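Per TrEMBL, the features are:
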ACT_SITE  Asp108  active site
ACT_SITE  Asp295  active site
DISULFID  Cys121-Cys127  disulfide bond
DOMAIN    90-512  domain 'Peptidase A1'
DOMAIN    320-360  domain 'Saposin B-type'
DOMAIN    385-426  domain 'Saposin B-type'
SIGNAL    1-28  signal peptide
Amino acid sequence: MVTVSGGIAIPLLLSILVLHVAFPGSSASDGLVRIGLRKKPLDENSRLATRFSEKEIRDLMSRRFGLRGDVESNGDEDIISLKNYMNAQYFGEIGIGTPPQKFTVIFDTGSSNLWVPSSKCYFSLACYFHPKYKSEVSNTYQRNGKPADIQYGTGAISGFFSEDHVTIGDLIVKDQEFIEATREPGLTFLVAKFDGILGLGFKEISVGEAVPVWYNMVEQKLIREPVFSFWFNRNADDGEGGEIVFGGIDPNHYKGEHVYVPVTQKGYWQFNMGDLLIDGKSTGYCAGGCAAIADSGTSLIAGPTTAVAEINQQIGASGIVSQECKAVVAQYGKQIIRLLMLQTKPIKVCSQVGLCAFNGAHGVSTGIENVVADENTEASAHLHSEAMCNSCEMAVVWMQNQLLRNQTEERVLNYVDELCERLPSPMGESSVDCAALDSMPVISFTIGAKKFNLKPEQYILKVGEGGQAQCISGFTALDVPPPRGPLWILGDVFMGVYHTVFDYGNLRVGFAPAA
């Protein structure tokens, strides 16, 4: 959810719910198999439920990035329609077993396992509010029994592996290994609008080394090409949520040509991204390149706090004031500027002012007490010193970028102090003034030497109608530590604007303007 300065909380995901799904899909004259969807507004209880659902997705995101058929398709491609939750979450329907038992799942390129609730889930209340897989009524069930445990920020999904046929549109994936979840603790799964998750990532991140559904589609030659693509319909008033196309690309879903970049690390669909621009001007953060992934399971665009705070400052987003950050600017700002002007390496500046220790690669907390210290416990002192170190490193990036623009010392300090006030809230989201969209800048990501622009109406999510409408920034902070990070996670806010192709055969990701 979004926390604003007055203590008001608003839900991130609000007003769309699928009422009916036709299953299985029908064939169109172009050989593509489509599944139609309808939507209706949520009531107040469902609004509360989707608030918890988004928290669960964010927790899943932070945990995973902070680590470590018998019936042939009527065409060469298969399409699964998606449900749209206020342009923030998308779901589709699959079947497991023979005859198929229906489940609503997130098609998630940021994970690789398929899991749904099990009929043997007796002690988790969440299981009583979602369909449960019943192995005893399936003619194609095969016992496996290997234990499974997927960790989430709010708990864990645990259970055991089974094997059965999985129906996706008109495709039947035979003998697919999946998880029967027998424990779903916590409120998040109780109120979630999805039943399970179907992962479309690489097998390298598959729990239990289970072969992902996508791999079996290719191995069983159910599709023409080892390619799948996403089209997200960002029109919240439209009944369609979007489509996934398995085995090819629907030319009606994009304009122009795709820009392709190679996958640099298998697991997530990870690639190299270039500079991040605000109204055509470099932020300085990714001038030397950044890692990024395309992730259909993440609603917003997630990036390092340093960069997200600068974006939020430019769009007038309001987060929680960071006292540590402002204290660093007040007490060490001039010293940091002088060190940068003396050509001190930025990664060493915070160690030279005494806020970090330099370990040869980057700054780490020194454990010292400083400025706004909370000395009640040793733990709080450590957390404080770590926050001061992190704040210093952010300030160095911001100051260096402003100095490159020949700004005066006074303007640099004032600018960075403003950025401190734009640091996101603990949940990562920030609110904006809906009436100010026309004055907000264009945010651009450089991918494959091409700029991919996002206009304000594309990166701002509006909740509610008329005078009651509230708006939130589509950018959320998530600091992924090395060696995987820093990392940008281009979720549905980005993929809704740019049709995205996941080319497994050529190990590349492609982007083109969505039609």
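Yeah, the Cβs are placed from backbone N, Cα and C, and that goes for glycine too.
This view paints the features noted in TrEMBL onto the structure.
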residue	record	CB count, 10 Å
Asp108	active site	23
Cys121	disulfide bond	21
Cys127	disulfide bond	22
Asp295	active site	29
So how many of the residues in the domain 'Saposin B-type' (385-426) end up helix, strand or coil by DSSP?
33 helix, 0 strand, 9 coil
How long is the line from the C-alpha of Cys121 (disulfide bond) to the C-alpha of Asp108 (active site), rounded to the nearest angstrom?
23
Please work out the helix, strand and coil residue numbers for the domain 'Saposin B-type' (320-360) from the DSSP assignment.
26 helix, 3 strand, 12 coil
What is the average pLDDT across the domain 'Saposin B-type' (385-426)?
87
